[in-house]
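The block underneath contains the structure these notes are about, expressed in structure tokens.
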Amino acid sequence: MVNDIRDDDSCPKPVGRSSVFYYGFGHMLNDITAACWFTYLLLFLTEIGLSPRDAAITMLAGQIADGFATVFAGELIDRFGHFKVWHGAGSILAAISFSSVFGGCLPCKILASRSPIIETISYSTSAAIFNVGWAATQVSHMSMVNCISLNSTSRVVMTSCRNAFTMVANLSLYAVALVVFSTTKATTHSDIENQYHWIAYTSIFIGCCFVGIFHLRTKEPRLAQNVSQAYLAFYVIEDLRMAKSAKALVPAIIYISSFIVSIIMQEMSWTGQRLKAYYCAGGVIWVFCGTSILFLPRSLSAFMYVISVFIGIANTLMTVTGVSMQSVLVGSDLNGCAFVYGSLSFLDKVSCGLAVFVLQSFQSSSPRSQESLSTEYISVTRYGLGLLPAVCSLAGMGITYTMKLRTPHSKSLMEPLLD
């Protein structure tokens, strides 16, 4: 009897529902700007006149800066602490610099020249600065999970809530984009820039509101999917020739289904084996979705809406369980947890940037001009959106299968969540 009482006392208590809720607010600015970055950056840059290769260089510059910044930010956060200070500073830097990413080429206006070299350097510099701020915010926010609670279920719940607000952020972006694209016409170079100005500035405003609430209501303890999204807009417009509104509707469907799954996952009990099983389930779904995207004919483009539902389900299953497995590996040893998240994020950002750069290097012209070459032509966009994520999902499942996860405090995992 005494031993049972001691065991119950040794199990960390779950985090309260309100604390989980406000924690989820903290990544809204990052999420909504990242959605805009991956969905519309390449489209924006090519529409204003940059070549696919120069557009890819801009994204690669940002991804490399993000990758290195996550490692350094993780090391500095572990050494000096103060998660909210890093989070706030990163959010301010990200908000200011993101406005310049979609705000036009300032050096071009100063020098009265629209040289492709000057444009590429200008946008690449803004992208790099934005991603440094983004990285500091991401690592500090993810690292707080392990410090707020040692309860494994609460960690999964906070990760799931964070993912749910990622869906809210993405849906907010696509709602704004749908309104902008539906109510304004893009007939000139200036019109195109103005469309994306409105989308970017509105996104920043929405994200900053949520970040402000996070800082006011979250107490800091003392002691942190991308290639496919980058090609989604190209795929629905160029390959499938869907309506302009589809570049907002298709992503919105993905994130609505993701949001629903995230909410469901918050009300489940979790073990290491269950995390692995759900991750692999998401991987299997992505393989089928990737195959469908690769070979989907233009005449059946309406099926993209159905595929979008399953992409959203797969994304949530893999994202929530993947980040939660990182938390399980960290366990109760909080020394260096920010560096762990930063190092893994480094691999994510750099590999994503390199993948986009390589794919764009082969994108010499749009599918519109290449459709006459062959009726069986498969564009680079299809490889980037369908084949590459499917292959990565298979690799992820293989690695996950070999992992040995020992979830601490297994008794508390079976308690009702968020009590």
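Every residue gets a Cβ built from N, Cα and C, even glycine.
Some features that TrEMBL has for this protein:
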- 20-43: transmembrane segment (TRANSMEM)
- 85-106: transmembrane segment (TRANSMEM)
- 164-184: transmembrane segment (TRANSMEM)
- 196-216: transmembrane segment (TRANSMEM)
- 248-265: transmembrane segment (TRANSMEM)
- 277-296: transmembrane segment (TRANSMEM)
- 303-326: transmembrane segment (TRANSMEM)
- 338-359: transmembrane segment (TRANSMEM)
- 380-403: transmembrane segment (TRANSMEM)
Would you say the transmembrane segment (277-296) and the transmembrane segment (380-403) are in contact under the rule of three or more C-beta pairs closer than 8 Å, pairs 6 or more apart in sequence?
yes
Report, as numbers and ranges, which residues of the same chain sit near the transmembrane segment (196-216): CB under 8 Å and 6 or more residues beyond its ends.
22-23, 25-26, 28-33, 35-36, 40, 44, 84, 87-88, 91, 95, 98-99, 101-104, 165, 169, 172-173, 176-177, 180, 184
Which sequence positions outside the transmembrane segment (164-184), separated from its termini by at least 6 residues, show Cβ-Cβ distances below 8 Å to it?
24-25, 27-28, 31-32, 35-36, 39-40, 191, 194-195, 198-199, 202-203, 206-207, 210, 244-245, 247-249, 251-252, 254-256, 258-259, 262-263, 266, 312, 316, 319
Is the transmembrane segment (277-296) packed against any residues at least 6 beyond its ends, judged by a Cβ distance under 8 Å, and which are they?
235, 240, 265, 303-304, 307, 310-311, 313-318, 320-322, 325, 378, 382-383, 385-391, 393-394, 396-397, 400-401
